[in-house]
Amino acid sequence: MNCKNMDTSYEIINYLTKDELDIDLSCMDKKERYKIWKRLPKCELHCHLDVCFSVDFFLNVIRKYNIQPNMSDEEIIDYYLFSKPGKSLDEFVEKALRLTDIYIDYTVVEDLAKHAVFNKYKEGVVLMEFRYSPSFMSFKHNLDKDLIHEAIVKGLNEAVALLEYKIQVGLLCTGDGGLSHERMKEAAEFCIKHKKDFVGYDHAGHEVDLKPFKDIFDNIREEGISLSVHAGEDVSIPNLNSLYTAINLLHVKRIGHGIRVSESQELIDLVKEKDILLEVCPISNVLLNNVKSMDTHPIRMLYDAGVKVSVNSDDPGMFLTNITDNYEELYTHLNFTLADFMKMNLWAVQKSFVDPDIKNKIISKYF
């Protein structure tokens, strides 16, 4: 696959306005509701660009580069992707590492970035923050991290221009150093080196208490880079220390996932006091077995308690889902309304790390 051969046509989306939020969804079938979810002007803050692709894109790369010549399409999907509930985040990480097979050259990386922007526009996203991990994308085929970054920025910018700026895109750098101070520092230095292209910094991978790395996060923040780390996602961890560290020591503006805030009234009060938004990824939480079912997802309780939350797809390529699937699940299982969703998306725009002028224009146009 090559960018020059990619379908860059697009349709104009007739977005919902504030005056159209009383649409009766109850009389619609699923197909009709999906048309509404698409028309809802959305801001997505938590999506890993590394795994933001359609099945067709993924299989095209696998076949073009002859990566798994002895597997059928079904076997490839089962081997690499995570379309049904698993046992844990660890199981997901194991599969995600296999995915690095596809980051075989810089053309694939650029194509992936461009493809992701077009897909998000087609889902009705007006403001999109992608994040990616330089180390994750580079290690399997020993690609140069700076050239990976160059390819991603080029792909994103070209796609936004081809879409005539009907979608705005920001980029976060993700560090995933685990408990290695050296790897964490290396990721932070990469982010600072390319800070003109990044709007924020994130830590992902296995959830850990980041207290030992406070100095690294302080350095990033002092460079004017906003912070959002994964915390309060993994229910197998016996404490909530990652959340307290993120809030009280790292001074994050947002938290990736953060659903375990619901387990503590003190944490609920704390995120409200500090005006921290939780980047909630509903389908991801269920598939990774951090929430037993969508009916019991804590986003409903958090929203009702006055905590700012947003709706996100996390790893849509891995999950064979997209952002509109998450809205459908929240409507079907937790009775969220269009007005609720509009409020969440306004919060997301307000808490986005992109330039304030971009945010103000989007708020004025859609909210």
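Just so you know, glycine gets a Cβ as well, placed from its N, Cα and C.
For the Zn(2+) site, Swiss-Prot gives H46, H48, H230; the one candidate out of D295, D304, D314 that the record lists there too is D314.
In the record from Swiss-Prot, residues H48, L49, D50, D176, G205, H257, D314 bind purine D-ribonucleoside; the candidate from E74, E233, E279 listed for the same site is E233. In the three-state DSSP scheme, D50 (purine D-ribonucleoside binding site) is classed as helix.
On the backbone, the CA of L49 (purine D-ribonucleoside binding site) and the CA of D314 (Zn(2+) binding site) stand 9 Å apart. The local packing around H230 (Zn(2+) binding site), expressed as other Cβ atoms within 10 Å of its Cβ over all shown chains, amounts to 25. Considering only the binding-site residues H46, H48, H230, D314, the residue whose Cα is spatially closest to the Cα of H257 (purine D-ribonucleoside binding site) is H230.
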